[in-house]
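One structure is given below, encoded as structure tokens.
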Amino acid sequence: MGVSVLTFHVSLFLKRILSIAFFLLSLSTLLRIVNAQQYVDNNIGSMVLSDYDFAETPSVRVQRALEILRYYYEQEDVTYEEIIIQRNHAIELLRSASHDNNTDAMLYLANIEFFGLFEIIPEIEDSVKYYDMLQKANGSAFANNMMGFFYSTSFSEYASNNPALARIHWELAAKQGSLDAHQFLAYHNLIALNMPQSDEEAVKHYKFISDHLFEEECGSNVTYLKCIWPEIQDYNFAGENGMGVYGAASAYTYSDAYQALHTRSQYLREMSNSIEDWDYELMFEVAKLRLHGMYKYPRNYTVSDVLFRKVSRQYWPYTSENSVLANTPQSIISLAAQSCGYLGLLHLFDKGPLFDIDKAYWWFKRGATKNDSNSYYGLGYMAYHGLTSNGVDREKGMRLINLAVMNENPHALMFLGLIRLEEARYEEAYHLFLRAATQKSVISYKYLADCYYNGTGTSRSMISASLYYKKFVEAIRASATSMAIALEEIDEYGYFHNSFVYYLYAAQMGYALAEINAAYLMDENKFLINSVFRYFNYTQSEQEAAHDKFAYEFYSRAAAQGDIDAIFKLGDYYYYGIGTPKDYSKAYTCYKIAYEQSSIGMGLWNMAYMHEYGIGRDQDIYIARRLLDELSSNQNSYFPLKVAIFWINIHQLYIKLLKLLRLR
């Protein structure tokens, strides 16, 4: 919409450059494979299994195949052709073992063929065959999960869409305790995806996973650090440098994950400088980031401890509480106090070498002098449980906890909520959990879901319980999903097929981030030029049409979960008629929702354009101008905004001139 000639030609030029680069890369890879295949054809005799191979037991053949693969793929002085020969020999060993009903061989072959491991071209037909053999041989939960996945996605003609079979396979896996199967069933029941909508079924499966995770991951202890500071989910690939489907203009750039990545990139730039020259606000953010951890920046409590200490010393340079640096800026004092609170929590709740109650108390006392809420909570917790030399003092503990609650501290809100729950003051407990949830306390999601499920302090609501259980499950299980592997496959190895499959697997479990990435990888309209061609009825192939339909479906699913970029993308799909008939009214609604929920400038821009030209709206240049005026506070929109307003003025004069001529 409103495409300039310059943008058109730049986009076209970049697309041609990318096409040439991909062609050369593909040609190089193809020549390498052809040369390797010629070498293999000339040495085919060495790949034929001997009588000795067949004399071995199936288990020995599997073991030898794995040793061959491990050895040749770890050696640096072996030629590529030799690796291919030995790889094929190993696969033949696995195939012979699978024919003798060895279930390990079936599993290895299924994964190799499906995910294209060891540089094998993925063969969906073979992978379906081996997964099917495996689940029939021993009822493997993993094989049943994969068969359910095949049937739920119409992944190929070898396993067409069959919701009934998908459900059967997942239920078989769920009965064996597979958390993936429970998550598949929960999400599909929740949104009526290829099965009847059922809040009761959804909550049943989500509750099973939540209870399991709460016991295994949190140890039924709300002070477990991985639950206090959950992992940041930075598994996004979509867009330039993972910035979101619209690059720098994406709503994703305002997310916690992107802000964490931005902090990490600043940190990497600062590493070349002496630590004394660092910006202390950045140091504080990096320390917090190390508490949570993320795919590209794992958690490290020791590093957090060092950085927080460094920040705290900017106000308390010595061990004495009264020894402070005069004329310290208030911003540094605030960071130093917050650092003390984090240090106290680390020493109090760590299960490793950082655990030290005396140090925790010392840090909390410092932070409390500057009204740090974590420090109030820590001192209150220790007094309530008698963890200091003064023994149990619940009155003092509650007084300090309430000070933290007044500052909306999520840990204190949870602590007080649990106390109210024990006292059977259910309504108060429910509202405290709700307040903690607004502060993104992961543990509170579990307790809120329990409240809705049991009708504790609020009316029963299976849909609300399902949604909160879902938030808890997805926060705790994120690192155990296939999204991390998906990002690695595409970032490290450039295997788009494998990455797509991994994202698709997580998408079927209900992760909105996986849904938008699966859609993006299948999206034929990543660039503006693609959408313009579609707008003017550009002829497309059957494959492109199938890709459009797939992308539309998964963008729609992510949009239904509240992903702003997906909502905006859906607006584009309705506007240009991609994967769905053109519907300007729905497009306008999507742009409006995207703007209202995130203040994304492009939404307002497109709404103004539609009003200016009367597309799906009554033509009204005055409304268009008013909408554009709202963008004036956005620095990134300054120049295009001035151009657009200038053009609107010209357009307005043109319309007035036409009216004048008609009057004559």
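Any Cβ shown, glycine's included, is placed from N, Cα and C.
Taken verbatim from Swiss-Prot:
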type	residues	note
SIGNAL	1-35	signal peptide
CARBOHYD	Asn101	N-linked glycosylation site
CARBOHYD	Asn138	N-linked glycosylation site
REPEAT	141-178	repeat 'Sel1-like 1'
REPEAT	179-214	repeat 'Sel1-like 2'
CARBOHYD	Asn221	N-linked glycosylation site
CARBOHYD	Asn300	N-linked glycosylation site
REPEAT	337-372	repeat 'Sel1-like 3'
CARBOHYD	Asn371	N-linked glycosylation site
REPEAT	373-409	repeat 'Sel1-like 4'
REPEAT	410-441	repeat 'Sel1-like 5'
REPEAT	442-477	repeat 'Sel1-like 6'
CARBOHYD	Asn454	N-linked glycosylation site
CARBOHYD	Asn537	N-linked glycosylation site
REPEAT	564-599	repeat 'Sel1-like 7'
REPEAT	601-636	repeat 'Sel1-like 8'
Intrachain neighbours beyond the repeat 'Sel1-like 2' (179-214), with Cβ under 8 angstroms and 6 or more residues off its ends: 141, 144-145, 148-149, 152, 161, 163, 166-167, 170-173, 220, 446, 449, 453, 462-463, 465-466, 469-470, 472-473, 476-477, 508-510, 557, 560
Distant-in-sequence neighbours of the repeat 'Sel1-like 1' (141-178), which means Cβ under 8 A and at least six residues beyond its ends: 106-107, 110, 114, 124-125, 127-128, 131-132, 134-135, 184-185, 188, 193-195, 205, 504-505, 508
Arithmetic mean of per-residue pLDDT over the repeat 'Sel1-like 4' (373-409): 96
Distance from Asn454 (N-linked glycosylation site) back to Asn371 (N-linked glycosylation site), taken between C-alpha atoms, in Å: 37
Chain residues outside the repeat 'Sel1-like 4' (373-409) and at least six past its termini with a C-beta under 8 angstroms from it: 337-338, 340-342, 344-345, 348, 357, 360-361, 363-367, 415-416, 432, 435, 438-439
Pairwise Cα distance for Asn101 (N-linked glycosylation site)/Asn454 (N-linked glycosylation site) [Å, integer]: 48
Cβ neighbour count (within 10 Å, all chains shown) around Asn300 (N-linked glycosylation site): 15
Inter-residue Cα distance where the pair is Asn454 (N-linked glycosylation site) and Asn138 (N-linked glycosylation site), in Å: 38
For Asn454 (N-linked glycosylation site): intrachain residues, at least 6 apart, with Cβ closer than 8 Å: Arg460
Per DSSP, three-state class assigned to Asn138 (N-linked glycosylation site): helix
Number of Cβ atoms other than its own within 10 Å, given for Asn101 (N-linked glycosylation site): 12
